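Annotation source TrEMBL lists compositional bias 'Pro residues' at 1399-1408. Residues or ranges marked as domain 'Ig-like' by TrEMBL: 195-286, 311-392, 1064-1150, 1294-1368. According to TrEMBL, the feature domain 'Fibronectin type-III' maps to 423-518, 548-641, 644-746, 749-845. Residues annotated as region 'Disordered' in TrEMBL: 1373-1408.
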């Protein structure tokens, strides 16, 4: 559509071309008179009526209706679809214009003369009507027959409205006359008077469930306050919401009781009070119950009939309405509208009717309808594709009907088998007979699935849940005769589709069908399928699938929908409807737009991605299946259709100087998909009905200064917005604004409040400075915020000097409004008008501004990718929320949804907050603060990009390899195959050779040089220079002085190591490890050995010879050191040698190494340590801790009550290889308490404890005393110290002397025995005991009879000892007998033992 107009000297020419249709309008405006000449094809009238918002302001239907009514050939078109008439064509909007034309004959004559003059211009030829098809002719005749009736209806309505308007005008005139009289008659000064009831309350008797109104008129000055009471108690309307309503207007006070009940019977009183007194008026209300007697009175006569209120008497306004909805097969969905009902009577619910595709829905198990509680809802609990369609809610109201419609889309459920088709639709039964029915259905839509190969029909009897399959093989058409029914039985049917992938879900079952013979039968035709099945169809249904639909045209609709229309197929063949598919350009995948055949040739596709480009295709559907796809439509981007903008709103006064008023307004909520380029302002006196244009030339700003006003007069203003499509509807008139000069010292209101960067918890509020600044300059602003349902409160305690504020701490999803107050030296000014309500929620897909550097150019930029955009959208960049216009420091590049703000020469002057707003969207915006640190980082990166270098991952470094080779290398992050490089040593380039091998690897980016023989001559500076395209880099390494010596030493070591490893050598030198049994092992690994290789261990140069020689062929040799302690410190050496060479490994166990070994032993010992064990001894009480191995070098600590114990005579600390112990000598009460031992290794301590207190101490102490006493007795008992042999051999006649030393304290008693018989001292056997120390038995002249077993018993009060001696006497000349080997047997004797008797053998005493 192309619209062109020229407006010069009152002449405007409009050319309107839209898809071949031409309409030319010429008019001339003189003295407020407009003459219209309309030349139009009849086919344009529906577009004119359906889209009046597309017309310019002067071509609006409200201006053209009188002319249109005179065109008789246009009237049928006007009456053809009256429900499509726009709001602007309703008589209520046209009546003031018609009355204005009829109010003055002279004006009418002038207008008529001017119209005649305008019509005198060269006439245009009216194009002939297009040829009508037979269907159009029939429709035209039907409409023409109703022209008279329709015209009469319009005339009747115009007459009614003319009378109503006349009455309204008369009332205004009377009011104006009263006001003039009031100005002329001076007002009487009221005097203070007490309250008085001018009209008192009146008693009422009413029926139950009817309302009653009590009212009274009260006088008095000051105006009295009236309170209502029931039975002496105040009436509180909030206590019973909806029950009571209290009103007070112009001195008339009323109490309304809705739906009275018997309990409302009471005495009601109204108490009027002012400062001069109070007065009371009372009345009684009696509520009677219909059909019965009231408690306190008798009803006489018959109860009158109460007229039922019909729902059509209610006034209903729909509020929140359901929109386009999307459901899934098998799920559920709820469509609902909220509404306001006046009056809201519980016993009179509104009448709501729900329609699907113009078919009335009835409540049932598949449809749930609810009305009440301020809403009407439709619930579909079991969705199927049959439920898809246009749903309409129609409410019967006082003025006719209030209705709303929206489309419900139901997509296929996920199939049980991937690739299976969707379920069939609309299963119905036809030709019902007593033994068979004809079942028909509609095929599902297919996009990605394989073609349908057939269908299976199932049946079940009503009341049963078992389904049985009717056909054995798939039927290919969408009809099937089901035989074998039982007469009089009811059945349900369902259908399943089959393709190569599998079976679909079952369709929704059909309605109940009873098998009965019909009264009449339609003539049918029978067709054989596969020779088995019969399909009954009508004679004209045998033509096959329909042909493909014709041309598909897609046009814009909204930002998420597209209007698609197409030509019907040439061969419809009993068409069931159409399936529409959509595909995103470039995806090559089609998605179904509807899942139920659509009957019309136009369809609105919803749920599309804004800004995406789609193509569409259509398939026709009949009983035989789907047609071929139509040709694809032309690609179309999903954008809103261009229309005239909506009405501006929020007109407010910004300043007034007594002769002019500056006003501002808010832009329309709907911009019509095009940028608003013009605003037109009209004005009128508040007492006038005539509007006057203020600006003939459009203004692009939303403020305007209206000049030429009269001071003291009230004015009203209205504003219209215009865009590419034309001028939209005017705004509602503003409140009357008085033209009176502002003289307040405070500033006027700020205006143009806008929310930007709306997120879930924050937003940025922007505004413009007041036009009226007051007596001094504006110094700041205060922002106030109000959450929905709450009052306003300030957001900043200190006024901000700029005109923006970031508001944080919002609640996501909550609705907020804002006000701004300007501040100057005189105070706080007037608050601005509230902003538009803002929901604290980010747009779906919202992205933030990204800060980066262009990898190719090095430019620093800020970028934003918009989540949505329209054709007219622009990216508006700002710094510190001031729009950036022609700034040489930045440039803006925009491509599609991405916009970049590029800095030319960024420096500290570019620091600040940068923001961007995308116009003609739902608020796409973002911001980013550029800091100095971020800028410095980006500048460095930008420099590197603009001055490219080969990036290095590792700079030049060295590595000493085995054999003493030295490798110099560096690594680049990336390196191309075209890269070049060179090594420079001491300012001389080195090339690759046998001794200096130079190479590189493109994949890893490594460049290296390996020097085979590194000598002292190689000291100096090494440099690598790399070139890769435009990029270059170099890295240097200085090997001089100590650094060079380190490298040289390492190279020499590696060279010698290489030589060493040519013979037997240590692969791993000596090291140690500690086994679990705390044995220390010196371990080494050997290599390049053979059986003849010798291995020797040395300690301090002394060879260690092991019982088992080391096995070098195992590769590992170990020297075990058991019971490791300080004595094992030393210099250990291992030597390896054979004919190939030799090698030595040395290990010094001393210092830190020794400490480390002890710590490792301590770790194992501490882990294995037992809890402390108590052991009593004669010396005292001993606490012992057993472990795998203990040596005094292990760090241990004994503690008593957390106090460390040092070894002393009282507390002796020692140990053995198996345990550590502490001896408490001569324990006392002080030694009671908690004892513990800590075994410490290098990192951890192990604690074991014992509580020596209570019974444990008592038992231990008693045992200690017992052992001490036993030890004392053992020490002081009688005993033989020495001198007696075990065996004595003597020749007869010799003298035998058995002498021994005895000891005891007190001195012991000594007794000699022979053969267990006590020996009595005689001359032959003399016993002596000298000095209580020496005892002897002397036998003179021994004879063989003196042979035997002699013994001595030494004893005192503590015990004694029994010693035996064997004596053998032999004769002269005999060989002395061999003495028996064995030691002297000394047996201790206890205290109670006595000298043995001849019949007893002494028993040894047991040592405790």
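Using N, Cα and C of the backbone, Cβ positions are placed for all residues, glycine too.
Residue counts for the domain 'Ig-like' (311-392) by DSSP state, with H, G and I taken as helix and E and B as strand, are 6 helix, 40 strand, 36 coil.
For the domain 'Fibronectin type-III' (644-746), the model gives a mean pLDDT of 91. The domain 'Fibronectin type-III' (644-746): residue composition by secondary structure is 0 helix, 43 strand, 60 coil, according to DSSP. Counting residue by residue with DSSP, the domain 'Ig-like' (195-286) contains 3 helix, 58 strand, 31 coil. Applying DSSP to the domain 'Fibronectin type-III' (749-845) sorts its residues as follows: 0 helix, 48 strand, 49 coil.
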